[in-house]
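Read through the structure below, which is laid out as structure tokens, and then see the notes.
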């Protein structure tokens, strides 16, 4: 386990690593933004907890990999604002509309801290477990090689169907065909 301080934000981040990850070969990895409700409280409103579990299991099966656990709760708006966004969602707003009604962008996460984290670990190339094209773009924009995008299609349930459809339709997440056409495109 490795800890990192982002001096620009004051946020502390953690990397869990397994095996030889500095050998120059693409490393199975995930950038996982903190989700207290999904990761620790097993919320069914999102797919975060199941994605975290699936990523850790995949790394264990592979025998090597990295998980960057980024302290960016609620797509970067923080825990209390995320709870406020939940209240708006309970009133009919989707996840994007809720963030925007609170005065935030749909996704405020920043992945700049990933570069020094990966450099410190000697990771040059990732097989990135994600459904989010913004994560791929953020890494490639920092000249981190994403050798492969590995989909994480897990955690779908009746309680998060609309949430996942909104992520696919409005945020461009690549979730497969099961959510296409359920919400208007942004």
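Each residue, glycine too, has its Cβ placed from N, Cα and C.
Listed features, source TrEMBL:
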- 1-151: domain 'GTP cyclohydrolase II' (DOMAIN)
- 30, 31, 32, 33, 34, 51, 73, 74, 75, 95, 130, 135: GTP binding site (BINDING)
- 35, 46, 48: Zn(2+) binding site (BINDING)
- 107: active site, proton acceptor (ACT_SITE)
- 109: active site, nucleophile (ACT_SITE)
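Known features from TrEMBL, placed on the structure.
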{"residue": "30", "record": "GTP binding site", "Cβ contacts under 8 Å, 6 or more apart": "51, 52, 55, 59, 66, 67, 68, 128, 129, 130, 152"}
{"residue": "32", "record": "GTP binding site", "Cβ contacts under 8 Å, 6 or more apart": "48, 51, 52, 55, 67, 68, 69, 70"}
{"residue": "34", "record": "GTP binding site", "Cβ contacts under 8 Å, 6 or more apart": "69, 70, 71, 72, 73"}
{"residue": "35", "record": "Zn(2+) binding site", "Cβ contacts under 8 Å, 6 or more apart": "43, 46, 48, 49, 52, 73, 74"}
{"residue": "75", "record": "GTP binding site", "Cβ contacts under 8 Å, 6 or more apart": "33, 99, 106, 107, 108, 109"}
Residues flanking the Zn(2+) site, with Cβ no more than 8 Å from the Cβ centroid of 35, 46, 48 and excluding those residues themselves: 37, 38, 39, 43, 45, 47, 49, 51, 52
Cβ-Cβ neighbours of residue 46 (Zn(2+) binding site) (radius 10 Å): 20
Packing count at residue 73 (GTP binding site) (other Cβ atoms within 10 Å of its Cβ): 20
PLDDT averaged over the residues of the domain 'GTP cyclohydrolase II' (1-151): 94
Candidates 48, 107, 109, 130: member of the recorded positions with the richest Cβ shell (10 Å): 130
